[in-house]
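Peer 1: Marked as 5-phospho-alpha-D-ribose 1-diphosphate binding site by TrEMBL: Arg50, Gly51, Asp109, Asp110, Leu111, Val112, Asp113, Thr114, Gly115, Ala116, Thr117. Marked as Mg(2+) binding site by TrEMBL: Asp110. The GMP binding site feature in TrEMBL is assigned to Asp113, Thr114, Gly115, Ala116, Thr117, Trp155, Ile156. What TrEMBL records for Asp113, Ile156 is xanthine binding site. Positions annotated as guanine binding site by TrEMBL: Asp113, Ile156. Annotation source TrEMBL lists domain 'Phosphoribosyltransferase' at 21-166.
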Amino acid sequence: MADSNSESSPDARAGRPFPVSWDQFHRDCRALTWRLNDVGPFHAIIAITRGGLVPAAIVARELGIRIIDTVCIASYDHTSQGDLQVLKGVSPEVAKLGGGTGKGLLIVDDLVDTGATGRLVRQLLPDAHFATVYAKPKGKPLVDTFITEVSQDTWIHFPWDTALSFQPPIRP
Ligand SMILES: O=P(O)(O)OC[C@H]1O[C@H](OP(=O)(O)OP(=O)(O)O)[C@H](O)[C@@H]1O
Ligand code: HPA
Ligand SMILES: [Mg+2]
């Protein structure tokens, strides 16, 4: 990421952890779906891989959507963001359902951070509805629906990236 500001440098952000359990993540995805239920119906869901796969599965189950596509984008190597690479775009069948601009399609990702991924997704499908579970301030304007905002200098630790481990007591 081209962010030289020490407050939001990868190290600073990794230093302010926000761990999310499976239980919490499931609850947040359900809360997101309640909001999306008021916006739809949607023809199909597009999960932004890989982080969007888990929320997309939960949202699809709750909304009864069975057509699920992926847009495969990679950029972060742990906490540093490099150039975005679209490894796979929208499939022709799903692009057709969205009339070429994404109308009636629901894009799901786990979070927006700098907004770089969201901007790319919006270029691909300008009329789609873009939903994320979490949003940081820089990326928030790109998202149509999200559940929880965290500060820009926070690093969210998702349950699929973490494991339970011993923590020393606060007072040694
Ligand atoms: O708003 P941005 O600064 O672009 O960051 C948000 C994106 O970064 C993460 O994906 P990543 O590229 O790390 O790939 P992954 O989903 O495979 O973990 C996350 O899942 C979002 O897609
Ligand atoms: O805060 C985050 N957590 C996990 N992955 C991420 N990718 C961009 N920002 C984050
Ligand atoms: Mg991702």
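Backbone N, Cα and C define each Cβ position, glycine as well.
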Peer 1: Between Asp109 (5-phospho-alpha-D-ribose 1-diphosphate binding site) and Ile156 (GMP binding site), how many Å separate their Cα atoms?
Peer 2: 14
Peer 1: Provide the three-state DSSP residue tally for the domain 'Phosphoribosyltransferase' (21-166): helix first, then strand, then coil.
Peer 2: 48 helix, 46 strand, 52 coil
Peer 1: Give the subset of the binding-site residues Asp109, Asp110, Asp113, Thr114, Gly115, Trp155 lying near ligand 2, defined as CB under 6 A from any of its atoms.
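Peer 2: Checked binding-site residues vs ligand 2; flagged Asp113, Trp155.
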Peer 1: Let me know the largest Cα to Cα distance in Å among the GMP-binding residues Asp113, Thr114, Gly115, Ala116, Thr117, Trp155, Ile156, as an integer.
Peer 2: 17
Peer 1: Within 10 Å of Ile156 (GMP binding site) (Cα-Cα), which of the binding-site residues Arg50, Leu111, Gly115, Thr117?
Peer 2: Leu111
Peer 1: Would you measure the largest Cα separation among Arg50, Gly51, Asp109, Asp110, Leu111, Val112, Asp113, Thr114, Gly115, Ala116, Thr117 for the 5-phospho-alpha-D-ribose 1-diphosphate site and round it to whole Å?
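Peer 2: Spelled out: the longest distance between any two Cα atoms in Arg50, Gly51, Asp109, Asp110, Leu111, Val112, Asp113, Thr114, Gly115, Ala116, Thr117 is 17 Å.
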Peer 1: For Asp110 (Mg(2+) binding site) and Thr117 (5-phospho-alpha-D-ribose 1-diphosphate binding site), what Cα-Cα distance in Å is obtained after rounding to a whole number?
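Peer 2: If we compare the Cα positions of Asp110 (Mg(2+) binding site) and Thr117 (5-phospho-alpha-D-ribose 1-diphosphate binding site), the gap is 11 Å.
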Peer 1: Out of Arg50, Ala116, Ile156, which binding-site residues lie by ligand 1, with a C-beta less than 6 Å from some atom of it?
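Peer 2: Within range of ligand 1: Arg50, Ala116.
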Peer 1: Rounded to a whole number, how many Å is the Cα of Ala116 (GMP binding site) away from the Cα of Arg50 (5-phospho-alpha-D-ribose 1-diphosphate binding site)?
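Peer 2: Ala116 (GMP binding site) and Arg50 (5-phospho-alpha-D-ribose 1-diphosphate binding site) have their Cα atoms 15 Å apart.
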